[in-house]
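Here's the structure, in structure tokens; my notes come after.
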């Protein structure tokens, strides 16, 4: 990687998240905005990335070709769609570039492709880059070990009307954290929908409920419900900047790492708590 500042490239630079990633990259010491990418045919091509994000002129123009920017970045930050991210992953693997992946909605084959690429490049792959969410995941592990065998566990998540995958990647990560703490496989105990005459709740399952409405940035609650009491652990995001700041912080953390797959718990050193 580059010897001075870590140079980052931002995918989907013209989107809501892309613009905030640009702002975060310009604000964090030790990080330099090296490149910004948009899809072929976008009206934003040729724009100054900083001006696009409302952060002033940077001299970095929005481009559509990975080949054109391959010498301008060390770490590629991607919060786009699975198919696009996997194309970017193949390019980064070929050229020895690190990646921060915040894209959600991968199928198992896509997740395996990311794990395979981590043999050659360093990747931070997380469902959510918020510091608060990742602290919540740690708390869920602790709560599940104490209460999980005796309570009904439900995960409720809410996002804006434009989100295309459900449950959210964060909700699934919550379920996985709880299931792992209980020595279970989430695939075996998750319940993703209830409709009609469902019968009584099956003990030991983890239920999911999804809301899509308005401009909700992201709200997640895990409920451990018993007779007479329930514990709820909730995280609410009011700005995408919390995700952008965490992603850029992750890119800086990748400095000096040649290969491997990591998540935000590694970046925040939560695994040692």
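Cβ atoms are placed via backbone N, Cα and C, with glycine included.
The annotation active site, proton donor/acceptor is assigned in Swiss-Prot to 159 on the grounds of sequence analysis. If you draw a 10 Å sphere around the CB of residue 159 (active site, proton donor/acceptor), it holds 25 other CB atoms from the protein chains shown.
In the three-state DSSP classification, residue 163 (active site, proton donor) falls within coil. Neighbour count (other Cβ atoms within 10 Å of the Cβ, all protein chains): 16 for residue 163 (active site, proton donor). The active site, proton donor annotation in Swiss-Prot covers 163.
As annotated by Swiss-Prot, NAD(+) binding site applies to 12, 13, 14, 15, 16, 17, 38, 102, 103, 104, 126, 127, 128, 129. Other C-beta atoms found within 10 angstroms of the C-beta of residue 16 (NAD(+) binding site) number 14, with every protein chain shown included.
Per Swiss-Prot, NADP(+) binding site is recorded for 39, and the stated evidence type is sequence analysis. In this view, residue 39 (NADP(+) binding site) is surrounded by 14 other Cβ atoms within 10 Å of its Cβ, with every protein chain counted.
According to Swiss-Prot, the (S)-2,3,4,5-tetrahydrodipicolinate binding site annotation covers 160, 169, 170, on the basis of sequence analysis. On its own chain, residue 169 ((S)-2,3,4,5-tetrahydrodipicolinate binding site) has 104, 105, 127, 128 as residues at least 6 apart in sequence with a Cβ closer than 8 Å to its own Cβ.
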Candidates 159, 160, 163, 170 (recorded positions) with Cα within 10 Å of residue 12 (NAD(+) binding site): none
For residue 38 (NAD(+) binding site), the one of 159, 160, 163, 170 that lies nearest, given that the recorded positions are compared by Cα: 163
Residues within 8 Å of the 160, 169, 170 Cβ centre (excluding the (S)-2,3,4,5-tetrahydrodipicolinate site residues themselves): 104, 127, 128, 157, 159, 163, 165, 168, 171, 218, 220
Long-range Cβ environment of residue 126 (NAD(+) binding site), under 8 Å and at least 6 residues apart: 101, 102, 134, 173, 250, 263, 264
Residue 12 (NAD(+) binding site) CB neighbourhood, other CB atoms within 10 A: 23
Same-chain residues at least 6 apart in sequence whose Cβ lies under 8 Å from residue 160 ((S)-2,3,4,5-tetrahydrodipicolinate binding site): 212, 213, 214, 215, 216, 217
